[in-house]
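What follows is a single structure, written as structure tokens, with notes after it.
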């Protein structure tokens, strides 16, 4: 009888977590001691924002992502709320706009300057005044520009259109009042056409947010859900919660049938909440424990057994909250596929943790970096409100690809042109690559390059394409623009080195071929 081990072939089977060194951490950060079950931290490639302790009202810190080390105790804050800040979220399409909600029953939208803060920010860009009680959750729409959802302790979810010019908004475009208790969690599907919620009444709901109707509603006696998450386009939901015996528990559901979970599993007997985080690019699911130092990670498949355990990152320092870096901010040169920012209030420390796929090659690993969501919206707020659905715009993470960075809209001399392609006019739901869209300014630049590139072989055209982009850029005027130019040039140098290495390999192969050919000819003449 032969032994056949059940191995699964997976690119992510050996993924491991790597904590940053002390000089790459953010030290002396006064992290909030609020007991709300939220992340308390939000990250983008430019800034990290964290809810902080503040006397007389609520505040949060916004720190440039590269400003690691000890934080100045007098570092300026964003402090316009009259009560404790409960949740903060960066705009996914603008790295310089952030939303916050508070116990003072308001939601505020803030403009953040593109350099380090010099003084406290107290005046918001917009103020949303719809809720009657404190606001515990906020979520930006994943594909529509300037659509924000807020959930309060008045059991209502409100949808806000931030495209209006008024600085103070008191009337949301839609109010969802399908819940009988406090909403504990909100999650969108990929195109933002459906909203999943977990409520304190122990029910999970799938809602059409524009119609305001509950499409599915269910609860299971042995699972009390605290957090719920859409699993990409697999038409499944993932929830974390507790069992009847108060064990921490995870469950997987069919979004069209919430009566019985597809899978239910007890993890441990700890009392802290579990934060589920899904990466739709790699189909990996991370489960972060609040109050402990563990991060479990799994791979999700559409067929049974659905959930495949990979490994667990362990740390002795307990985390109060967690921040997640968007894919466009990762270090692809070191095969980093995910990055957490762990809040450790006992040490007043924010510790980055990189999830890395071990690879020996230093070249770009295309198989672990599929096209990912871009920093630009797929449709306007009004288009989404009118019933149009679209998948996110996609972009490549390959160094030198265009469209990865999100620039502040208020700093641009000319506004970006709105897309008018056929698929948008028809409201199609296909996934669109950002490279299919081109700005008018880029068309003239491409025409200039064509005259030079027509005379060059294909490899040299590829080699010169990004160099011309760098030379045509205007002279940087600020420190951030200078840094951006510097990093682009570093990426270009890395790419050119890869090209030189490939040429060296080709030369060696040609020399070997010539040598073998000469040897075969000599042997043939010897036979005659």
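Cβ atoms here come from the backbone N, Cα and C positions, even for glycine.
Taken straight from TrEMBL:
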type	residues	note
DOMAIN	5-69	domain 'DUF1899'
REPEAT	78-120	repeat 'WD'
REPEAT	128-170	repeat 'WD'
REPEAT	176-217	repeat 'WD'
REGION	419-447	region 'Disordered'
COMPBIAS	433-447	compositional bias 'Basic and acidic residues'
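Beyond the repeat 'WD' (128-170), the same-chain residues lying 6 or more positions past its ends with a Cβ under 8 Å from any Cβ of the stretch are 36, 38, 83, 86-93, 99-109, 176-177, 179-183, 185-188, 190-192, 195, 197, 209, 373, 377-385, 389-392. DSSP places the residues of the domain 'DUF1899' (5-69) in helix, strand and coil in these numbers: 3 helix, 24 strand, 38 coil. In terms of DSSP helix, strand and coil, the repeat 'WD' (78-120) has 0 helix, 21 strand, 22 coil. Model confidence over the repeat 'WD' (128-170) is summarised by a mean pLDDT of 95.
Per DSSP, the secondary structure of the repeat 'WD' (128-170) breaks down as 0 helix, 21 strand, 22 coil.
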